[in-house]
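Notes follow the structure.
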Amino acid sequence: MESQHEQLHLQVLASGLPALSRFRQSFRYLHRHAAAGLQARHFCLQHADGCIGERRKAEIWQVDDARKVFDEMKKKHCEPDEFTYTIMIRMVGKLGKGDECLGLFQEMVNRGCAPNMMFYNTMIQALARSKMVDKAIIVFSKMVQNNCRPNEFTYSVVLNLLVAEGQLGRFDEVVGMSKKYMTKSIYAYLVRTLSKLGHAGEAHRLFCNMWSFHDMGDRDAYTSMLESLCSAGRTAEAVDMLSNIHEKGITTDTIMYNTVLAALGKLKQIPHLHELYEKMKLDGPEPDIFSYNIMISSFGRAGKVHEAVTIFEHLENSDCKPDIISYNSLINCLGKNGDVDEAHMRFKEMQEKGFSPDVVTYSTLIECFGKTDRVEMACRLFDDMLAQGCYPNIVTYNILLDCLERCGRTAEAVDLYAKLKQQGLSPDWITYAVLERLQSGSHRRVRVRRQSPIAGWVVSPLR
């Protein structure tokens, strides 16, 4: 029998050497003490096994070393436990050897070890790496049968495997067999994950399952589902959800309404947009500044100038007050629907009320004047922009370049391009498209650095 001192010495060295990444030395140390008749302790062997698994896991020779230590444990009658098997399966699984992992799983069960959640997650992940869908689902079912609760990681591994292998339809099977563990938070997580993976239909079906299964709804799951439906353009279902949310004890808020309003506006579904806005004022939470701004920009996008102006007036008379985004949206709506003078008046109004126009404000107005061939006004606004310390971006320059080119003011366009470069801005494809149009009308040469997809930056003349 080894003394207590020898046992302690063996244990400390075996755990210390791996910490120094000297797993080979640990391995030799174990053999040396075995040859001397000392029985290596279970703790010692597990540390050697663990350290081998933490270094260069993808290399086959290292897994072979792990197998040697694993076999040494069994020869020395140090029974492996679930932690030991978890280490082995994690290592072997990373090499894509799913069948070997299944063998280790069966061996573990035969030895009477009780798998825990970490083991099951490691096992399912190993099978997922080997794309073994059927086996992964079988192991998942055993996990549930053994009353081991799956967590978010478990579901995410299975879900990603099914998506990758084109078998998402089988996820109903997974949810069904683990229904007793399907909490509202798990449902919420799965709804978010499915939505992020681009499967809004599956997310909605799963959400409806949760909706009927639980008496009280989950706000996070509800919000995730609402965002998913809106992102997918499924506004009818989103509006329906918004109308029925109170049935599950959830109170609507402005974020929910704004999410649906923005989706309706983006798709120019004006009747539904107006109807939901009226419902919000009547039954829902009070519209906030974001609600009003969404409405103004949505009506503007659809060419509904009168409605946009009306909403702006509602905003002015509410507890909220217009901000720079409100003015920018209204100016954009007026200018791009032909009422440039009114847009300019609103521009002056916002200045009188203490708002400083930003690059969006100036760019919008410059574009509106440019498209109505009022070049002098566009140039004057550009100069005013610089004088106010508001620096143009590449969008502003592109707008004014296009305006000058269409009006045949080539020399000014070339000078503006030079100013763009002096400011340190990088031309984009729109800039180059305008410059190419200038070639046919200008005899002045300007050297333009243009990016080639093959050779990088080249210099070409502009005629």
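Just so you know, glycine gets a Cβ as well, placed from its N, Cα and C.
In TrEMBL this protein carries:
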DOMAIN    62-176  domain 'PROP1-like PPR'
REPEAT    81-115  repeat 'PPR'
REPEAT    116-150  repeat 'PPR'
REPEAT    218-252  repeat 'PPR'
REPEAT    253-287  repeat 'PPR'
REPEAT    288-322  repeat 'PPR'
REPEAT    323-357  repeat 'PPR'
REPEAT    358-392  repeat 'PPR'
REPEAT    393-427  repeat 'PPR'
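Residues 289, 292-293, 296-297, 299-300, 303, 305, 308-309, 312, 315, 364-365, 367-369, 372, 374, 385, 388, 390 of the same chain lie 6 or more positions beyond the ends of the repeat 'PPR' (323-357) yet place their CB under 8 Å from a CB of it. Listed by sequence, the residues of this chain that lie at least six past the ends of the repeat 'PPR' (288-322) yet keep a Cβ under 8 A from its Cβ atoms are 254, 257-258, 261-262, 264-266, 268, 270, 273-274, 277, 280, 329-330, 332-334, 336-337, 339, 350. Note on the repeat 'PPR' (116-150): mean pLDDT across this stretch is 94. Long-range contacts of the repeat 'PPR' (116-150) within the same chain: residues 82, 85-86, 89-90, 92-94, 96-99, 101-102, 105, 108, 157-158, 160-162, 164-165, 167, 170, 173-174, 177-178, 180-181, each at least 6 residues beyond the stretch ends and with a Cβ under 8 Å from a Cβ of the stretch. Residue counts for the repeat 'PPR' (393-427) under DSSP, split into helix (H, G, I), strand (E, B) and coil, are 26 helix, 0 strand, 9 coil. Residues in the repeat 'PPR' (81-115) partition by DSSP class (helix H, G, I; strand E, B; coil) as 26 helix, 0 strand, 9 coil.
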